[in-house]
């Protein structure tokens with residue numbers, strides 16, 4: 001999301017006594033999975049924290065917001081730095097930041113400590129997401145210069161969303177069936193993060209180090225297509241709001257409203273949502289952008305409606321079906337939003353335009369979920385979710401009306 005990096009050639013890579021580009025590709029992919037999985041480890045555990053520390057669902061949304069704030073600041077302050085200091089020099093510290101967060105989770109006994117741990121997790125994820133995605137593309141090109149970037153994009157998508165889902169699944173099952181539910185998952189991921197850091201240190205660098213004056217990531221809006229750009233931002237806002245629902249309050253809804261307190265079940269629900277999001281991004285990646293947008297809005301709307309109905313009738317099967325549909329819609333809608341902005345902007349300003357899109361998305365990740373958390377303090381969960389779903393559906397419908405009009 002900044003000026004183009006100076007990418008090293010395959011011959012330049014081969015002169016370094018490190019892992020080859022081919023093996024390095026899979027090491028970075030694995031590290032990407034571990035980093036994203038760690039970010040969702042707390043999702044099935046929030047209910048346990050509530051029981052231990054006696055705080056409300058609103059505090060859960062505050063903890064979740066800390067993560068999103070960390071991601072936003074990291075993306076805009078450090079997400080583009082690897083373009084000139086090198087991918088490895090950013091990815092290794094990013095993994096260490098997440099390892100530090102894991103240590104803090106292991107010893108945390110108060111809400112402020114949990115807040116800082118989530119903030120650190122967000123900072124690490126923001127650095128990892130931008131850097132690892134570019135790293136995978138460059139390693140793939142270095143290893144297979146005659147092939148397109150399809151495989152790299154596929155692996156990056158699977159690592160990102162698939163990792164998010166894997167974290168909730170592993171955490172949920174460890175919390176359910178292994179002693180120390182609030183420590184075991186973090187200990188496991190601390191080891192995985194440290195191993196990933198050590199392995200990434202041997203991956204060849206793909207960017208020539210340059211001396212540049214530091215500046216935060218800039219944001220720009222395409223002058224001739226403001227209406228469509230803001231509509232794409234609204235679609236990203238709605239899709240991230242849905243993501244936020246299933247990574248913050250959904251486990252509490254399952255435990256308290258559906259009366260199913262299983263941590264393994266909470267992790268499985270989130271895993272299914274993220275899995276469906278990753279699957280539709282891959283399945284519909286060759287569809288035209290307007291078709292991606294239409295499919296995404298339709299699936300997400302139906303999914304949120306079914307999830308809301310599931311809380312009113314206390315039905316787990318309905319909740320699962322709705323969650324899978326909402327996740328599928330969220331995934332393809334956000335992909336359509338990215339494609340829209342990429343088409344609207346020039347190559348020289350595309351990174352800045354996409355930065356604005358991600359800003360809109362992360363606002364959606366924070367604001368609606370915070371309001372939902374507040375609402376649950378005053379009305380029953382089904383009615384609070386009804387209001388949340390109505391707002392998200394109105395925003396996505398308005399975005400679709402503009403984007404699908406032409």
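Just so you know, glycine gets a Cβ as well, placed from its N, Cα and C.
Positions annotated as domain 'Major facilitator superfamily (MFS) profile' by TrEMBL: 23-406. Here the domain 'Major facilitator superfamily (MFS) profile' (23-406) returns a mean pLDDT of 91 for the predicted model.
For 25-49 (among others), the entry in TrEMBL reads transmembrane segment.
Residues annotated as transmembrane segment in TrEMBL: 55-78 (among others).
Taken from TrEMBL, the feature transmembrane segment covers 90-109 (among others).
Positions annotated as transmembrane segment by TrEMBL: 115-137 (among others). Residues 1, 5, 25, 28-29, 31-32, 35-36, 38-39, 42, 62-64, 66-75, 78-80, 82-83, 87-88, 90-91, 93-95, 97-98, 100-101, 104-105, 108, 149, 152-153, 155-156, 159-160, 203, 206 of the same chain, all 6+ positions outside the transmembrane segment (115-137), place their C-beta atoms under 8 angstroms from a C-beta of that stretch.
For 158-179 (among others), the entry in TrEMBL reads transmembrane segment.
What TrEMBL records for 185-208 (among others) is transmembrane segment.
Note on the transmembrane segment (229-253): residues 40, 43-44, 46-47, 50, 57, 60-61, 64, 68, 164, 168, 221-222, 266, 269-270, 273-274, 277, 293, 296-297, 300, 303-304, 311, 319, 323, 326-327, 329-331, 333-334, 336-337, 340-341, 344, 353, 356-358, 360-369, 372-373, 376, 381, 385, 388, 391-393, 395-396, 398-400, 402-403 of its chain, located 6 or more positions outside it, place their CB under 8 angstroms from a CB of the stretch. Feature annotation from TrEMBL assigns transmembrane segment to 229-253 (among others).
Feature annotation from TrEMBL assigns transmembrane segment to 265-284 (among others). Tertiary proximity for the transmembrane segment (265-284) is limited to same-chain residues at least six positions away from its ends with a CB under 8 Å from its CB atoms, namely 40, 43-44, 47, 154, 157-158, 160-162, 164-166, 168-173, 175, 243, 246-247, 250-251, 254-255, 291-292, 295-296, 299, 319-320, 323-332, 334-335.
The transmembrane segment annotation in TrEMBL covers 293-313 (among others).
Marked as transmembrane segment by TrEMBL: 319-342 (among others). Remote same-chain partners of the transmembrane segment (319-342), defined as residues 6 or more beyond its termini with a Cβ less than 8 Å from a stretch Cβ, comprise 161, 222, 228-229, 231-233, 235-236, 238-240, 242-243, 246, 250, 253-254, 258, 269, 272-281, 284-285, 289-290, 292-293, 295-311, 350, 353-354, 356-357, 361, 396, 403.
Annotation source TrEMBL lists transmembrane segment at 354-374 (among others). Sequence-distant neighbours of the transmembrane segment (354-374) (same chain, 6+ residues past either end, Cβ-Cβ under 8 Å): 1, 56-62, 64-65, 68-69, 71-72, 75-76, 217-221, 229, 232-234, 236-241, 243-245, 248-249, 334, 337-338, 341-342, 345, 384-385, 387-388, 391-392.
Here the transmembrane segment (380-400) has Cβ contacts under 8 Å with residues 231-232, 234-235, 237-239, 241-242, 245, 252-253, 256-257, 293-294, 297, 300-301, 304-305, 307-308, 311-312, 333, 368, 371-372 of the same chain, all six or more residues outside its ends. Look at TrEMBL and you will find 380-400 (among others) tagged as transmembrane segment.
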> Looking at the stretches 90-109, 185-208, 293-313, which one shares the most CB pairs under 8 Å with the transmembrane segment (25-49)?
Replying inline: 185-208
